[in-house]
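Per TrEMBL, the features are:
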DOMAIN    1-209  domain 'Cytochrome b/b6 N-terminal region profile'
TRANSMEM  30-55  transmembrane segment
BINDING   His83, His182  heme b b562 binding site
TRANSMEM  86-106  transmembrane segment
BINDING   His97, His196  heme b b566 binding site
TRANSMEM  112-133  transmembrane segment
TRANSMEM  140-166  transmembrane segment
TRANSMEM  178-200  transmembrane segment
BINDING   His201  ubiquinone binding site
DOMAIN    210-376  domain 'Cytochrome b/b6 C-terminal region profile'
TRANSMEM  221-245  transmembrane segment
TRANSMEM  272-302  transmembrane segment
TRANSMEM  323-340  transmembrane segment
TRANSMEM  346-368  transmembrane segment
Amino acid sequence: MYKVSRFSPLVSVVRHTVITLPTPINISTWWNFGSLLGVCLVIQIFSGLILSLHFTAHTDLSFYVVIQSFGDVYYNWWFRAFHANGASFFFIGLYLHIARGLYYGSYVFKEVWSVGVVILLVVMASAFLGYVLPWGQMSFWGATVITSLFSALPVIGSDVVIWLWGGFSVDNATLTRFFGLHFVLPFMVAGLAGLHLFFLHDQGSSNPLGVSSDYNKVVFHHYYVLKDLVGVCFFLGPLLGLVYFNPWLLGDPENFIEGNPLVTPHHIQPEWYFLFAYAILRAVPNKLGGVVALAAAVLVLFYMPFSPKTSIKGLSFYPGGKSLFFSMIGVFFLLTWAGSKPVEEPYVVISQVLSFLYFAYFILIGPLTRVQDKLL
């Protein structure tokens, strides 16, 4: 019989990952979000597996199966509320994790940062696919609007849309393939997360000071394991409060109506975590231009590792860079607000101005910090 010992490869990997990993002694609470996102991913996969046992991917049945499961399946309402709100908390953690990386210059680790951006893209795709599955009004029309954007692609646009739909409209084939993809993508995220951790442990973690911390490190356990556990408790508290006291607060009332291709909602909008990109899409009057701007809103993160280098990683010692960063955070919130508004004045003009400021940050932050380097 094979005996598991501390010298076995699997135990060795776990030991070097969560026990003896050398970690900078001065990292703050902002570094907790990596572990929190791991917990969120496990929660989403487990709750999604439970929900998939009582789901039928058919346009005539899915909406009624979801409604019926609330009363007929023990704790189905709890898993559904936990899964839906868990997605929102997942994105809160993702956006805070990315913001921390932008502020403290974590993007200098190219492999770690690039894999992280790919994880963001896959999570966004999975969240969109999952939102379609209940087949409510906003689910159906959201799928119709977003997939129709691919028709703006030159030459191949129409073929891509038909391939995504599995026919000539959003119908049963669309729902079936969306369910299959939504089931598979979280496991792809888990694999990418493992690759993300591999590169992180290979290149080392950043720290608030932006300087080398090779000579000032401690082992990960028990110092940061306990700290991460406290962070998980503080993170799960609001999530459970939302699930128990107001589980549908972040949802759209239109989604409690069965999807109807003959009745268009007055105002079609995605979930709150996509609203900033949706505002950028609507800010461009040209369809192809809007699609390009929508993609660029996320893909621009790939540019950061190639932005001008500074003497110190991060913005802690750059007053101008810090001001620009927090201004961009304000722009992000305003874009989210503008994306929830109807496509009319003055919201269109506001979205256009905010979109310009959003992209201006990524263009200006590198040169601005270089100028401050020379002044200092």
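Any Cβ shown, glycine's included, is placed from N, Cα and C.
Heads up, TrEMBL stuff is auto-annotated, nobody curated it.
Taking the C-alpha positions, the distance from His196 (heme b b566 binding site) to His182 (heme b b562 binding site) comes to 21 Å. Remark: the transmembrane segment (221-245) makes no contact with the transmembrane segment (140-166), by the rule of 3 or more CB pairs under 8 A. Note: the stretches the transmembrane segment (112-133) and the transmembrane segment (272-302) are in contact (3+ CB pairs below 8 A, sequence gap of 6 or more). Panel annotation: around the transmembrane segment (30-55), residues 62, 65-66, 69, 73, 76, 79-80, 82-83, 86-87, 89-90, 93-94, 96-97, 100, 104, 130, 133, 179, 182-183, 186-187, 189-190, 193, 205, 208, 227-228, 231-232, 235-236 of the same chain, lying at least six beyond its termini, place a Cβ under 8 Å from a Cβ of the stretch.
Mean model confidence of the domain 'Cytochrome b/b6 N-terminal region profile' (1-209) amounts to 88 (pLDDT, 0 to 100 scale).
Long-range Cβ contacts of His97 (heme b b566 binding site) within its own chain (separation 6+, distance under 8 Å): Phe33, Gly34, Leu37, Gly116. Distant neighbours of the transmembrane segment (272-302): 87-88, 91-92, 95, 98, 107, 113-114, 117, 120-121, 124, 127-128, 149-150, 152-154, 250, 332, 335-340, 343, 348, 351-352, 354-355, 358-359, 362; these residues of the same chain sit at least 6 beyond its ends, with a Cβ under 8 Å from one of its Cβ atoms. Within the same chain, residues 17, 37-38, 41, 44-45, 48, 52, 55, 57, 109, 111-112, 115-116, 118-119, 122-123, 125-126, 129-130, 132-133, 143 sit at least 6 positions outside the transmembrane segment (178-200) and bring their C-beta atoms closer than 8 Å to a C-beta of that stretch. Outside the transmembrane segment (346-368), and at least 6 residues removed from its termini, the chain residues within Cβ reach (under 8 Å) are 276, 279-280, 282-284, 293, 296-297, 300, 303-304, 307-308, 310, 318, 320-321, 324-325, 327-328, 331-332, 334-335, 338-339. Close to His182 (heme b b562 binding site) in the fold, though at least 6 residues off in sequence, lie Gly48, Ser126, Leu129, Gly130, Leu133, each with a CB less than 8 Å from its CB.
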